[in-house]
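This report refers to the structure that appears directly beneath it.
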Amino acid sequence: MTRRSETKPDGTADGIVCDAAAGVQKPVDIDTLGLDAEAAQDIAIARQDEGRPEKTTHALASMLGPAFVAAVAYVDPGNVAANLTSGAKYGYMLVWVLVAANCMSVLIQYQAAKLGVVTGKSLPQILGERMGAAGCFLFFMQAEVIAIATDLAEVIGGAIALNLLFGIPMLLGGCIIGAVSTLLLFVQGGETHRIFERLVIGLLLVITFGFIAGLFMDPPNPLAVAEGLMPRFSDGASVLMAASMLGATVMPHAIYLHSTLVNDHFGKGVDRPSVPEMMHGSRIDVVWALAIAGSVNIALLVIAANSLHGMGGTDTIEGAQHAITQVLGPTVGTIFSIGLLASSLSSTSVGTYAGSEIMKGLLRVKAPMWACRIVTLVPALVVLAFASNPTEALIIGQVVLSIGIPFAIIPLMRYTHDREIMGKYADGMVKHIICLAVCAVIVLLNLVLIVLTAMGKA
């Protein structure tokens, strides 16, 4: 007796039990075979595409893009600062934090994409429909503080990169980053959104090359890296560092934006793929994009642990770059700076796009992109003008981001479990419990961070 699956017109899947001896076929619901609805959709789509490799390859490629745009938020200058500082100070001890954060990010970003493809709306839109005017305003103000903290990291990182590469003063460098990133935003909407995707993906490739080059010059000890997979802390400061790394990895604005990106990408009307096809493509998109982003983050920490651990002056991005240049050579140092510049340009553009979508969804106000850019850029330029240690300000910004994460993920997990919103695509109980567990871990870590900071022990 063999089994195969077929797809019904509504996109769900049924199984067919074939009894060769009796010569009959008996329809069986796919759930009776021990598969959940999403796994059944994957099987159904694979069966549909059998024998059509060219079409399948083209269709798969057309599905990729939104998660890669969101993924640049996971390799922004905040990640560079947090991961380099962690590796230089604690060696390989906090590798496990990045692995755990990346696994959580895959789940979170897929949930954001799923919400978008099923409802055709963004997370801020759904929040705006379900909260009163006062609630929307307060939620927007919280999100705007997070956006300012996000842009702080991106602009400071870009200014540092320009200073390292060309000797440009920090404040002027911040202005240049703000201007260039604003120009990138002119191709983010309408018919040109695919151009924006390709530009950001191109920058992501530059980031990847720039930040992993050092691994090839001085390969780490695999056993030492493996030891870093064991969860542990050494003191309160290591908890603060872990929270900073979490805030740099799981990005609130990427969660808000991803549900918008998928709808920009797939479009509307008759050309829009079916929901099961979009969910299938989004899963592949998210896994590939965050596998790249996670690898970059781990590479940064490993480079610092392997080459910079115990060295003085590595608690800033500039100091770390100079140390990398001394240990690994000027070529690697220059490539690192180029990667930092690409990281800043791409992530600040994506962050501003997210801010405009949050405003539109919560307040139903579509402000000009340049206005959104100014609101978040000015505080970053003020910090550049007066901060004695820009990298320290950047890391503090990551802690602020970490505190803002629950405000994004808790509504997301609630809505993706709501059958009124998601219909038959609502999360089952097992997946919902996993999502709640992820939320609990993140919220608990943030509470510990707040307590330690208040007690002055972090």
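Yeah, the Cβs are placed from backbone N, Cα and C, and that goes for glycine too.
Note: TrEMBL annotation is automatic and uncurated.
A quick note: this is a predicted structure, and the numbers were derived from the prediction, not measured.
Annotated features, as they stand in TrEMBL:
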| type | residues | note |
| --- | --- | --- |
| TRANSMEM | 57-75 | transmembrane segment |
| TRANSMEM | 90-110 | transmembrane segment |
| TRANSMEM | 131-149 | transmembrane segment |
| TRANSMEM | 155-187 | transmembrane segment |
| TRANSMEM | 199-217 | transmembrane segment |
| TRANSMEM | 237-257 | transmembrane segment |
| TRANSMEM | 286-305 | transmembrane segment |
| TRANSMEM | 367-387 | transmembrane segment |
| TRANSMEM | 393-412 | transmembrane segment |
| TRANSMEM | 433-455 | transmembrane segment |
Seminar exercise, completed: Counting only residues at least 6 beyond its ends, the same-chain positions whose CB falls under 8 A of a CB in the transmembrane segment (393-412) are 77-78, 81-82, 85, 108, 111-112, 115, 123, 126-127, 139, 142-143, 145-146, 149-150, 152-153, 156-157, 240, 243-248, 250-252, 255-256, 317, 383, 387, 438-439, 442-443, 445-446, 449-450, 453
For this session: State, in range form, which of 90-110, 237-257, 286-305 has the highest count of Cβ pairs under 8 Å to the transmembrane segment (199-217).
Result: 286-305
Problem set entry | Contacting positions for the transmembrane segment (90-110) when only residues 6+ beyond its ends and CB under 8 Å are counted | 67, 70, 74, 83, 224-225, 227-232, 234, 238, 241-242, 245-246, 249-250, 254-255, 258, 282-283, 286-287, 289-290, 293-294, 297-298, 301-302, 305, 309, 409, 412, 434-435, 438, 441-442
